[in-house]
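What follows is one structure encoded as structure tokens, with my remarks underneath.
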Amino acid sequence: MSPQTETKASVGFKAGVKEYKLTYYTPEYETKDTDILAAFRVTPQPGVPPEEAGAAVAAESSTGTWTTVWTDGLTSLDRYKGRCYHIEPVPGEETQFIAYVAYPLDLFEEGSVTNMFTSIVGNVFGFKALAALRLEDLRIPPAYTKTFQGPPHGIQVERDKLNKYGRPLLGCTIKPKLGLSAKNYGRAVYECLRGGLDFTKDDENVNSQPFMRWRDRFLFCAEAIYKSQAETGEIKGHYLNATAGTCEEMIKRAVFARELGVPIVMHDYLTGGFTANTSLSHYCRDNGLLLHIHRAMHAVIDRQKNHGMHFRVLAKALRLSGGDHIHAGTVVGKLEGDRESTLGFVDLLRDDYVEKDRSRGIFFTQDWVSLPGVLPVASGGIHVWHMPALTEIFGDDSVLQFGGGTLGHPWGNAPGAVANRVALEACVQARNEGRDLAVEGNEIIREACKWSPELAAACEVWKEIRFNFPTIDKLDGQA
């Protein structure tokens, strides 16, 4: 042993490895109002006790490392360390546990989702002592929430900008998603908007490819917006995807959209990254643009029940980072989505205060302290027969987005848009008259078909279409 090492040992530094639970498992800890709280689904390797696994998560996502280091003595671990303060079993899963971890607020940079996630969902997810790890929920304290701008505008400001109230908004993703020229793309946008939709949308992978450069697309879509507005007397929009290979290029595209006078742009927030998304959100607030968010890549992160991150966490992160709309599944369409879980994170997107409710997957009470809300977007494999269920599930503060369910109409895009608008108006009127959409939905649609040939044709085309597959990511305790 060198003299230097002997000196360190003689003043209290004890080298070596000790169990994480001796430092980071603190069941007596009382959480603070300023703590960020996390609920992890932990699957320990065989032979690893749940207390050690939970403590390892707390350590490796905060101040700990695999061995004792002498620099621990140069700071206050009690002030900065994460703490596993409670562990509970998962019903029906012998090898899984929910570990609750509290993080001191000083561990995180203000206004940075990037920094928060780098710690909480960083290297710890590759830790060998864990067979699997999933972040189920986060409690963001008001003290941290107040360091974020959040959505550029929010639900009420968007409705005021669009002058549209008392119903869900209607959208359509232009198909085929790739391969159209800019002029043909703009024509498809125009037909949908003049038929009665509020919005059309770039698909998430439409950026600036050889068949359609972004500037050309923006110009033809702006022409479609202005022409359809003049004909219908309604404010229209198209989600112009500003996502690009660099933040500088992304902002350049948003600037051009603003110069064209269009109301909304779009970003792929997971593939683009949280830093880019927050930058774009700030630009949109400063320049009066709404911001639509697509969640491409989310299922890589959130679909498996025992590893990754639940979408409710990604939804909370988006509300902090900023976006006025975000795709949130449909429950009834072609994409994965458990009903109760979906309703839970839809409330987390829209409401100012959400109580803990484990029956909907909400582990913590969340106070958003007046941070603007986000409109959930229902999109993916939906058509006119789904309209009653969508209206009942998502309510007025939502965007119902039909891609193939508009463009697949046998008579073309505009009649497809008419069919969706008629179906929506019929459902809203029936609901306002006190009818039960869950029970009478099909009857309501059939009645509307009698005076709308466009809706009748759509109903005939999609009458047999179902996406009846079991949900992979169910809430605990569901069969």
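Cβ coordinates come from backbone N, Cα and C, glycine included.
The active site, proton acceptor annotation in Swiss-Prot covers LYS175 (among others) and rests on sequence analysis. Neighbour list (LYS175 (active site, proton acceptor), Cβ cut-off 8 Å, at least 6 residues apart, same chain): ASP203, GLY403, GLY404, LEU407. The DSSP secondary structure for LYS175 (active site, proton acceptor) is coil.
A simple way to gauge crowding: the CB of HIS294 (active site, proton acceptor) has 28 other CB atoms within 10 angstroms, across all the protein chains here. Annotation source Swiss-Prot lists active site, proton acceptor at HIS294 (among others), citing sequence analysis.
Annotated substrate binding site per Swiss-Prot: ASN123, THR173, LYS177, ARG295, HIS327, SER379, in sequence order, evidence recorded as sequence analysis. Every protein chain shown contributes to the tally, and the Cβ of LYS177 (substrate binding site) ends up with 13 other Cβ atoms within 10 Å.
Per Swiss-Prot, Mg(2+) binding site is recorded for LYS201, ASP203, GLU204. Mapped onto three states, the DSSP output places LYS201 (Mg(2+) binding site) in strand.
Sequence annotations record features per position, and here Swiss-Prot assigns N6-carboxylysine to LYS201 based on sequence analysis. Its Cβ placed at the centre, LYS201 (Mg(2+) binding site) has 28 other Cβ atoms within 10 Å.
Reduced to three states, the DSSP call for SER208 (phosphoserine) is coil. Per Swiss-Prot, phosphoserine is recorded for SER208, and the stated evidence type is similarity to another entry.
Under the DSSP three-state reduction, THR330 (phosphothreonine) is assigned to coil, being neither helix nor strand. For THR330, the entry in Swiss-Prot reads phosphothreonine.
Annotated site 'Transition state stabilizer' per Swiss-Prot: LYS334, in sequence order.
Among the residues ASN123, THR173, LYS177, ARG295, HIS327, SER379 said to bind substrate, no two Cα atoms are farther apart than 37 Å. You'll find the Cα of HIS294 (active site, proton acceptor) roughly 7 Å from the Cα of GLU204 (Mg(2+) binding site). Each residue contributes its Cα atom, and for GLU204 (Mg(2+) binding site) and THR173 (substrate binding site) these two points are 9 Å apart. Other than the site residues LYS201, ASP203, GLU204, same-chain residues with C-beta atoms no more than 8 angstroms from the centre of those residues' C-beta atoms, the Mg(2+) site, are THR173, ILE174, LYS177, ASP202, ASN205, VAL206, TYR239, ASN241, MET266, HIS294.
For the binding-site residues ASP203, GLU204, the ranking by surrounding Cβ atoms (within 10 Å, all protein chains) places GLU204 first. Across the fold, the C-alpha of LYS201 (Mg(2+) binding site) and the C-alpha of ASN123 (substrate binding site) stand 36 Å from each other.
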